[in-house]
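What follows is one structure encoded as structure tokens, with my remarks underneath.
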Amino acid sequence: MSTFKAPKGTYDLIPPQSATYLAVREAISAPLKNSGYGYIETPGFENVELFARGVGESTDIVTKEMYAFETKGGDQLALRPEGTASVLRAALEANLHKAGNLPVKLWYSGSYYRYERPQKGRYRHFSQVGAEAIGTEDPALDAELIILADQAYRALGLRNFRILLNSLGDKECRPVYRAALQDFLRGLELDEDTRRRVDINPLRVLDDKRETVQKQLDGAPKLRDYLCEACKAYHEQVRELLTAAGVAFEDDEKLVRGLDYYTRTTFEFVHDGLGSQSAVGGGGRYDGLSEMIGGPALPSVGWALGVDRTVLALEAEGIALDIPAATAVYAVPLGEEARRVLFGVVTELRRSGVATDFAYGGKGLKNAMKSANRSGARLALVAGERDLAEGVVQLKDLESGEQTAVALGAVAEEIRRTLG
Ligand code: ATP
Ligand code: MG
């Protein structure tokens, strides 16, 4: 071990488990790539103000969790705590919304940083795959995103997850509800922090996990009773489209995802095997965000799925992904001449797409065969002086143990044939 350890709240992805993370990212992004979403990558840090405005001054993310710093040049930056604000900023900067092809559909994958209290499923560095559909108001688009996330989780084999769905209203009906909720909350016994939250972000109080708060919330005005006709109709269409697609969901009035810019559809994916860090992903419509960061009105919807928690969900359900062995063929040279010849065969196999590895460092036969078995390879390619003198190499099937001599010139072809 070195003197150093991974910083608190972080962990390294190392083989072989790291292959699962790659496979999860791939499984989440595959349905997006197949549905018109283009890949976008933005910097790992942004102007801190983008997040203050784009995530919301009153959110935990901005007030407590952001890694903000000043550069030597005096710029105020922050490591990105989430993806939506950056992606929208980049889309606006590149004028993607002006190309006459709305919605702009984008997907991303990367690292995010939040200064949180580390615990299982909650880290200071974590990984998300996300999708945003920018510039169109259409319930089919909200439904599409939810269906694609459901498809991704199912493709991974996950079953014990649920989709929670709610509507937060729009700029017509939400303020009326907000005022009514504030009136109600101001009559409760709340600590100072929570009272401040009532002033700046009252919906977030509904999401408070503490028993003392929750039991006072019975009888709070319900958003559902305040939704305007347009929001009700919109939400009903999202629900119908999901039902028609066979995607089960639960209506959850308490689901607020308290960012000020969230409007109408909000949803969360929760997994029942994860204890208190149960959200594996979430998202919703954010019709006001573009204007909040200085852009034109661009109604949009998106989600982000947590890769780390998805991996934990797989573990909770006892699912081992079917990940092909990294190596198909392992070459074992015995002696200098064999080393030169087999290295040539290895290079040829690799160039033709066969995953091949080589016993480096002049290992003896026994050690080299151990490495071959550990690599997960189907075939070992063994050659010593005598084989070479006869113009052959030994091809050993590591599953059956069967060994055959193959002419050197024909071995690459024979391997490709055996592996199919
Ligand atoms: P939570 O309520 O658990 O804090 P959140 O609402 O802050 O989640 P989002 O901002 O919606 O989470 O992020 C989307 C997804 O990213 C979450 O559902 C979760 O899977 C993952 N995620 C968020 N924060 C973390 C973290 N600190 N560590 C690991 N995964 C995280
Ligand atoms: Mg959080």
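Each Cβ is built from the backbone N, Cα and C atoms, and glycine gets one as well.
In TrEMBL, annotation is done automatically, which means it is predicted and not curated.
Per TrEMBL, the L-histidine site holds E82, G83, T84, Q128, E132, R257, Y261, Y262; the candidate it also names there, chosen from R114, R154, R239, is R114. In the three-state DSSP scheme, E82 (L-histidine binding site) is classed as coil. When other Cβ atoms within 10 Å of the Cβ of Q128 (L-histidine binding site) are tallied across all protein chains shown, the result is 23. Same-chain residues at least 6 positions away in sequence with a Cβ under 8 Å from that of T84 (L-histidine binding site) are, in sequence order, G54, G130, E132, Y286, L289, G302, A304. Counting every protein chain shown, 24 other Cβ atoms lie within 10 Å of the Cβ of Y262 (L-histidine binding site).
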